[in-house]
């Protein structure tokens with residue numbers, strides 16, 4: 001089989017003779033779309049790409065209808081990394097950073113000291129779920145692995161990479177007892193697939209998923225499922241920005257317009273699109289007329 005030409009997708013796979021499943025993610029165009037909207041230093045680009053890969057892997061592994069949000073926060077040079085991915089596989093991401101404090105060779109603990117990772121599942125129907133753990137690991141791959149150690153009974157490992165404008169990720173997870181009823185056999189099998197994944201070299205991540213999986217597990221019966229395409233999309237809109245003004249209340253919204261010299265600018269932190277509202281726009285909002293799509297919007 002030839003490598004798939006798609007650049008942005010997740011693909012699940014399973015070991016037919018082991019109680020182990022996996023998932024691969026490839027992000028080229030969507031990662032590039034995020035980076036094109038901001039001038040991030042290289043360490044920020046890399047961490048944001050890794051977080052995008054992890055988010056896509058989690059969406060691919062879960063069955064829900066809604067939005068998954070990952071936030072990494074700290075009091076350090078990178079106070080925030082944030083990625084959102086919907087069950088429709090639309091992804092966006094952003095970061096906040098202190099430019100003068102970003103050395104090129106800084107470690108995760110230096111860039112995000114005393115950080116924590118928050119996972120939020122916001123379903124279309126049902127109750128919202130949120131879990132927070134410390135950023136415990138030398139890199140984001142270790143942090144996500146440790147997150148799952150604390151939150152799930154099944155062994156789970158992450159490998160994340162974002163270099164050369166490409167974001168990649170690999171997830172391995174031990175399945176409930178089925179093909180391998182013996183405890184020792186299950187543990188040996190798990191350690192075997194993990195040990196092979198650890199041999200991945202940085203330069204190999206850019207290779208096709210099927211080539212890489214064959215190189216790692218050519219002695220195993222590995223079954224690939226259909227790919228799930230991903231794409232960049234920002235959910236911001238003039239309507240949502242107008243709703244943010246409405247939430248302030250009419251008096252405060254009008255006062256804000258005056259304080260801003262007659263026009264309020266609302267910027268999307270994800271895609272950098274800017275929405276402008278003057279006094280007549282705000283009056284229309286509170287008169288129940290909604291937002292005027294023809295009003296000025298800038299990139």
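The backbone N, Cα and C atoms fix where each Cβ goes, and this holds for glycine too.
Pulled from Swiss-Prot, these are the features on record:
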DISULFID  234-236  disulfide bond
DISULFID  268-271  disulfide bond
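What Swiss-Prot annotates, mapped onto the structure for a quick look.
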residue: 234; record: disulfide bond; Cβ within 10 Å: 20
residue: 236; record: disulfide bond; Cβ within 10 Å: 18
residue: 268; record: disulfide bond; Cβ within 10 Å: 19
residue: 271; record: disulfide bond; Cβ within 10 Å: 20
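Distance noted between the C-alpha atoms of residue 271 (disulfide bond) and residue 236 (disulfide bond) is 8 Å. Spacing of residue 268 (disulfide bond) relative to residue 236 (disulfide bond) is 7 Å (Cα to Cα, whole number).
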